Amino acid sequence: MQPDLHCRTLAAHTLKHFRALSPLTHCMTNDVVQTFTANTLLALGASPAMVIDPVEARPFAAIANALLINVGTLTASRADAMRAAVESAYDAKTPWTLDPVAVGALEFRRRFCLDLLSLRPAAIRGNASEILALSGMALGGRGVDTTEAALAALPAAQALARQIDCIVVVTGEIDYVTNGQRTLSIPGGDPLMTRIVGTGCALSAVVAASCALPGAALDNVASACCWMKLAGQAAAERSEGPGSFIPAFLDALYHLDVEAANATN
């Protein structure tokens, strides 16, 4: 099964719908990236909400358009809140996305993530090591860094997508997005995206928000990856290093015009 290059024309069309809907995205993410994640969603036109208390998380997940679960700074109490939110989302048919940060390196989060899979995420986004570990094909990985190339994890991603009946995203120099039957590849971005904390976590939030859109989930999620790659490339051209990259990236998302990018690439 060979990946297909994702069509930027479709990404442009999807972005218009995304901005019109402005999906309310319930982000239960890690402490390190909350502000950057919220700003990324806002810059693209979504509406982020960081509701983390278990008493509030359960009812809020039912009224949100989408839910993100990111286990980067998982604790026992936070796990309880996340589980409550996912159960509520599942009952309300709210699409939820799992970001299994460092799932191959730490047992508590691995067991937690595996337990959540029975509640049917709409999407899973991780690097190669994380997807390999979640699929049961390999354990390891250096936290949020990856020791595997994204393409090497594609068979695991495809198998996981078929098993859970969801979209799986393996990110790297080229992102691969699969539903187990069809796979899309999204090149682009810039190495500077790996030199700041939070671009992967922010992508997971955008993926989660895109799952709230009508239409084919595979195309919507691939479009989300395309937006982030294009903004990263544009920001790198305007910045001198990691410090200036972050504001340039947010500006690039805010002004993103996929159709114009098509004309210049």
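Cβ coordinates come from backbone N, Cα and C, glycine included.
The substrate binding site annotation in Swiss-Prot covers Met50, Gly198. The ATP binding site annotation in Swiss-Prot covers Arg125, Thr171.
The structure, with features from Swiss-Prot marked on it.
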residue: Met50; record: substrate binding site; Cβ contacts under 8 Å, 6 or more apart: Cys27, Met28, Thr29, Gln34, Ala38
residue: Arg125; record: ATP binding site; Cβ contacts under 8 Å, 6 or more apart: Thr97, Leu98, Asp99, Val168, Val169, Thr171, Gly200, Leu203, Ser204, Val207
residue: Gly198; record: substrate binding site; Cβ contacts under 8 Å, 6 or more apart: Val32, Val33, Phe36, Thr37
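Of all Cβ atoms in the protein chains displayed, 28 besides its own lie within 10 Å of the Cβ of Thr171 (ATP binding site). Met50 (substrate binding site) falls within neither a helix nor a strand when secondary structure is assigned with DSSP, and so counts as coil. For the recorded site, Gly198 (substrate binding site), the DSSP three-state label reads coil.
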